[in-house]
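Q: Reproduced below are the annotations present in TrEMBL:
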- 136-238: domain 'Mandelate racemase/muconate lactonizing enzyme C-terminal' (DOMAIN)
- Lys157: active site, proton donor (ACT_SITE)
- Asp186, Glu217, Asp242: Mg(2+) binding site (BINDING)
- Lys266: active site, proton acceptor (ACT_SITE)
Amino acid sequence: MDYCYDYFFYCKPFVTPLQTCHGLWSERRGIIIQLRDQQGNIGKGEIAPLSWFGSETIEQATQFCSQLDTKFNPQIIDQIPNNLPCCQFAFESALVNLEKVANNSPITNLDYNLSSNYQIYLVNHPWNYSYLLPTGLAALQSIQTKVAQQHNTFKQKIGVQSFEQERSLIKELMSYLPTQGKLRLDANGGLNLETTKRWLEFAELENELEHKIELIEQPLPPEDFSTLLALSQQFKTAIALDESVANLTQLQSCYQQGWRGVYVLKAAIMGSPRRLAQWLQTHPIDALFSSVFETAIGRQNVLELAVKWGNPNRALGFGVNHWFQE
């Protein structure tokens, strides 16, 4: 059966540009895919590229979408090349959602409130979110606000300023954490080996008193995998792979090379959700699902994977809505 196909662009500016070691990110641009059957049922998916992670660019995704006929044969989905992982994710998700609507099945088992406490629930089980803090001193006000709202897991970017500046900020942020609070440090692969060791040593020392630093995300770039693996065995503080596992092939490779630590999975840029789920079903890992600042359409599809295959003891990396205007 062929479906009617259409696509739409969106652009959402950040309230404040997000600063990482990759530079400043001022807006989220993406594409919404829509499939409609003859009965008028609609399924949507989202293309939310993150090209500096290795996904296609928004221009490449646009070129692919524009060449498709308005009469869409679902067999095309299996022919989308692996160098267009966001397109794979979006079209497959749209088809699955359409089939659920057509069969009167719920699109999702999730009931989540995006405008208040950002918790999601599955069978009355709460999944907390980790909240991304702004860089610099603005993080201090932000964490106090979120703690007052009963949130307890936060993420702070590092590798943007000097180690000494960021260490001072991290220590102050930790002083605001509640008793069960956790802080994640995300380097986006922007540190060198010396600075990575300094952060790990700092975390070890701080965690001797109170275990507040949950993990350090991707301190070194993906090409330094063997060094990351050695460090993960040398230090007690958890190291999480992020940029190293930007797609399913990389995830499989890191697993085969012996990584048994935390995996940050940005499913919206990893390609086919069906193939990802099939692999996760036979390879139990410490999976932490994370956002790429997608809209509610893409987020819904990622969260369905997260509640099935994510580690329920780790807050999901989806506390990012406060980065956009309501």
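Cβ from N, Cα, C; glycine included.
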Q: Within 8 Å of the centroid of the Cβ atoms of Asp186, Glu217, Asp242, which other residues of that chain place their own Cβ, given that this set defines the recorded Mg(2+) site?
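A: What remains near the Cβ centre is Lys155, Arg184, Leu185, Ala187, Asn188, Ile216, Gln218, Ala240, Glu243, Val264.
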Q: Going by DSSP assignments with H, G and I as helix and E and B as strand, what are the residue counts for the domain 'Mandelate racemase/muconate lactonizing enzyme C-terminal' (136-238)?
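A: Tallying H, G and I as helix, E and B as strand, the rest coil: 54 helix, 16 strand, 33 coil.
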Q: Measuring Cα to Cα, how many angstrom lie between Lys157 (active site, proton donor) and Asp186 (Mg(2+) binding site)?
A: 5
Q: What is the Cβ neighbour count of Asp186 (Mg(2+) binding site) at a 10 Å cut-off, with all protein chains included?
A: 25
Q: May I ask which of the binding-site residues Asp186, Glu217, Asp242 is closest to the residue listed as 'active site, proton acceptor' if we compare their C-alpha atoms?
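A: Nearest in space to the residue listed as 'active site, proton acceptor', counting only the binding-site residues, is Asp242.
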Q: Taking the Cβ of Lys266 (active site, proton acceptor) as the centre, how many other Cβ atoms fall within a 10 Å radius?
A: 23
